[in-house]
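Structure record follows, encoded as structure tokens.
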Amino acid sequence: MTEHFDVVIVGAGISGISTAWHLQDRCPTKSYVILERRANIGGTWDLFKYPGIRSDSDMFTLGFRFKPWTSAKSIADGPSIWNYINEAAQENGIDKHIRTNHRVLGADWSDAENRWTITVEADGEQKQITASFLSVCSGYYNYDQGYSPEFPGADDFAGQIIHPQHWPEDLDYAGKKIVVIGSGATAVTLIPSLVNGGAAHVTMLQRSPTYIGSLPLVDPVAEKTNKYLPKNLAHFVNRWKAIAFSTAQYQLARKFPNYMRKTLMTMAQRRLPEGFDVQKHFGPRYNPWDERLCLAPNGDLFKTIRAGKADVVTDTIAKFTETGIKLTSGEELTADIIITATGLNMQLFGGASLTRNGQEVDLTETMTYKGLMLSGVPNMAITFGYTNASWTLKADLVSEFICRVLNYMDDNGFDRVEPQHPGDAVDALPFMDFNPGYFRRAMDSLPKSGSRAPWRLKQNYFFDLRMIRYDKVDEESLHFTKHRAAVSASSS
């Protein structure tokens, strides 16, 4: 017999655990299951194993609202974050609802049956589970394959070529010369860690620079609040201080980009060797926050460069050679290991198909409602966190909204909710005002956002807080209906 749940959650990372906790807290009668394709929970924090893997957002906001992050260490390493997520699941009994090694292949909404049928692969076999509501918490990138461009001559290189998404556990890089291709968060994290791990020298090879900011590894305010305030009050203060700071610096960057650019350049110059060309190597052509700002805790990357253990080369690749990389300028970089920190491949729904009555949903024809539902797709929410703040802030709001919608439907006898596309009343805009490579490569396959609320995706926590947590649920863009289908519910 096909199992049926009130809610099926896809993904057991931060978003999935947040959704489960909110369901237990606010919709305690709802049955649910979490389907996780990997052998462990944790999502990103279970996948990436490269040296130095850490958060690039503060833990007071990357952590859950319901589980205080009690350390004053605001930037945490990957294993600590994985342990934190695992503890959150175990402490709240969420782990009992998680089915690992369950890969979702597709989800089909039936208007006639008024439910989702989710096709899952587990233990080499396919089976189906049905749900009244679907919560997609599978992130936004391809877990199987990172982005790696074609490099001429790659087969000629005598050393190892490694993508950080598939880091070998037994890699010995002590005493080796390493070239890291890329200048994003992964490269910025890797370089100091490789040096600390014994690499002879590391070169960051970038086609163009990235803005890099520096923050204390240990938050001085949190040190005091954690010492003198009760745990929950300290968490409240630390969290809201972090929210206010990140929001303010983002808004400042967008309104006064030249000021923010100058500030970042000055901060970098102070930490780098005398005569270092900061503009060439850390001065992008775009404005701050057109792409995500990278973080160097305690300025670790700058310190590594200053110590002579690492350097930066801004150039393009002509070809790989047997001993390294030849650049278009004619310079050659020798290397024992080349790491291609060249980014992600964007992928919504974890690669699963999304259909309605057996017909594929064309995402490019949909519009995001409050950044968490799609027009023309009933009884489904998708969690897509912030690009300019902690992912979890948005994940928590999405989880709250799911519960508000489910409770409203129960209270009023509805069983279907569907955002109605506004048509010509709202101009269609790109999914997000964000411009890194992985977004640009996927833009033609993404949903649209709208020119005004509730269709506009603003990447602003305070705007979303009002719109998602406090605005009324029963507004004209969200269509609630009754379609009672005879679904026999059984759940574990």
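Each position is counted from 1, following the chain as shown.
Every residue gets a Cβ built from N, Cα and C, even glycine.
As given in Swiss-Prot:
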BINDING   Ser15, Glu36, Thr44, Trp45, Asp46, Leu47, Asp56, Val104  FAD binding site
BINDING   Arg54, Ser55, Asp56, Ser183, Gly184, Ala185, Thr186, Ala187, Val188, Thr189, Arg207, Ser208  NADP(+) binding site
SITE      Arg292  site 'Transition state stabilizer'
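Swiss-Prot feature annotations superimposed on the structure.
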residue : record               : CB count, 10 Å
Ser15   : FAD binding site     : 28
Thr44   : FAD binding site     : 18
Trp45   : FAD binding site     : 25
Asp46   : FAD binding site     : 20
Arg54   : NADP(+) binding site : 20
Asp56   : FAD binding site     : 19
Val104  : FAD binding site     : 24
Gly184  : NADP(+) binding site : 20
Thr186  : NADP(+) binding site : 26
Arg207  : NADP(+) binding site : 13
Local backbone state of Arg292 (site 'Transition state stabilizer'), from DSSP in three classes: coil
Cβ neighbour count (within 10 Å, all chains shown) around Val188 (NADP(+) binding site): 23
Rounded inter-Cα distance in Å - Arg292 (site 'Transition state stabilizer'), Thr186 (NADP(+) binding site): 12
Cα-nearest neighbour of Ser15 (FAD binding site) within the listed binding-site residues, Arg54, Gly184, Thr186, Val188, Arg207: Arg54
Whole-number Å value of the largest CA-CA distance among Arg54, Ser55, Asp56, Ser183, Gly184, Ala185, Thr186, Ala187, Val188, Thr189, Arg207, Ser208, listed as NADP(+)-binding: 24
Nonlocal residues around Glu36 (FAD binding site), in sequence order (Cβ under 8 Å, 6 or more apart): Gly11, Ala12, Gly16, Ile98, Arg99, Thr100, Asn101, His102
Candidates Arg54, Gly184, Val188, Arg207 (binding-site residues) with Cα within 10 Å of Trp45 (FAD binding site): Arg54
Inter-residue C-alpha distance, Arg207 (NADP(+) binding site) and Asp46 (FAD binding site) (nearest angstrom): 30
When distances run from the Cα of Val188 (NADP(+) binding site) to each of the binding-site residues Thr44, Asp46, Leu47, Asp56, Val104, the nearest one: Asp56
Secondary structure at Trp45 (FAD binding site), reduced by DSSP to three states: helix
Other CB atoms within 10 A, centred on Leu47 (FAD binding site): 18
Pairwise Cα distance for Leu47 (FAD binding site)/Arg54 (NADP(+) binding site) [Å, integer]: 12
Pairwise Cα distance for Arg54 (NADP(+) binding site)/Val104 (FAD binding site) [Å, integer]: 28
DSSP three-state assignment for Arg54 (NADP(+) binding site): strand
